[in-house]
Amino acid sequence: MSDPFVYVGQGPPPPPAVVYHNSPYLAPFTTQLYSPFIPNLNLGTSPYIQNTGLPPASPHPGTSPLPRSPFIPDDRVFDDSDEAEEDKHPVHPFATKRRLSYAADGAVPFPHTNPFLPQDAYLQPRRPRRQRTRSDTGYFDQTTPQIVNINNGYWISPHASPYGGHAQLPPSGPVVAPPVALHPYIDAALNRGDIAFNLAWPVFNPSIINRYHQQTPISAAEFDQIATHPPMFSMKIKCDLTPNWVVNIDYHKEHAAYGATPTPITVGAVLNAIWRAMQMRISQDLWASLDKRTEFSVSNAYTNRFKAVRGYMDERAVRNDGVKRVDFLGGRRWFKGVSRTAEGVDTFKLHVV
């Protein structure tokens, strides 16, 4: 009977004789003293170096006989003693006598310059004191001159910064009011042709005409834009065709919330105020006071106005609403903007075609 088979595992394989034959930095190349690829760093000393000592010391030791320079600082710059001119400091020949300071006993005599004072008069020097520097505490005090900034119309301090610049004097003459810039939607000077706003139309609908001749209503964001620059809080708009009717646009504080600040007049407020003013009906007394020529012109404008809504809304409702102020414009109903007048900064002229 044979013995049982017993498996005897082999040991780890022996390391290879040569690893990475292409590298001169690993075994067996590292066992060599010098590598044929790495040069020997011991290059030896230069044949030009000579062991020479320092030069000998100066054969003339001692102090220099040259005089001392007056620009070299010394321990004594001023001669405080009462020595004579020939007994001054021997090291510093340019030493001067120190002037008496303000802290010395007694008054300091000054040269006599005023002929109205006696020869033996003395001037008592002013006591030294600390000068006050510029600070931020008095920047907006009552003594600071104020000027008007025409860019925004508000009172500002003359300094743009409390740390720079000189104080600007207040204007000597009357302050000229800055020119008022109007919003492009209401500025008659621009003569825009892309604004479609029919004052005779029963519905408030200002629009913008695009390049495809399509009308797009003005957005609420555009209505909320400020109408003038600088901002205004009161406006008067007049028309030459209706001189007795003035469109007043004011900020009413009683209609605002408690503590609310005044809001500037916007583009929507101007357009809406003009349209509402033109849509107001006239009284019977005013109609009876019209002459024949004005009555004929107003009647034609009234007839054309309610006929223009035919096919869009009820014509009879517009006709029964009666004669309105827009009928006194002589058939003109398209808004062309407002312009400044010489009557005042807040007074404007209405242009219609």
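Backbone N, Cα and C define each Cβ position, glycine as well.
Unlike curated records, TrEMBL annotations are generated automatically.
Annotated region 'Disordered' per TrEMBL: 50-89 (among others), in sequence order.
Taken from TrEMBL, the feature compositional bias 'Pro residues' covers 56-70.
The annotation region 'Disordered' is assigned in TrEMBL to 114-140 (among others).
The DSSP breakdown of the domain 'DUF6699' (196-343) into helical (H, G, I), extended (E, B) and coil residues amounts to 52 helix, 38 strand, 58 coil. Residues or ranges marked as domain 'DUF6699' by TrEMBL: 196-343.
Here the domain 'DUF6699' (196-343) has a mean pLDDT of 92 out of 100.
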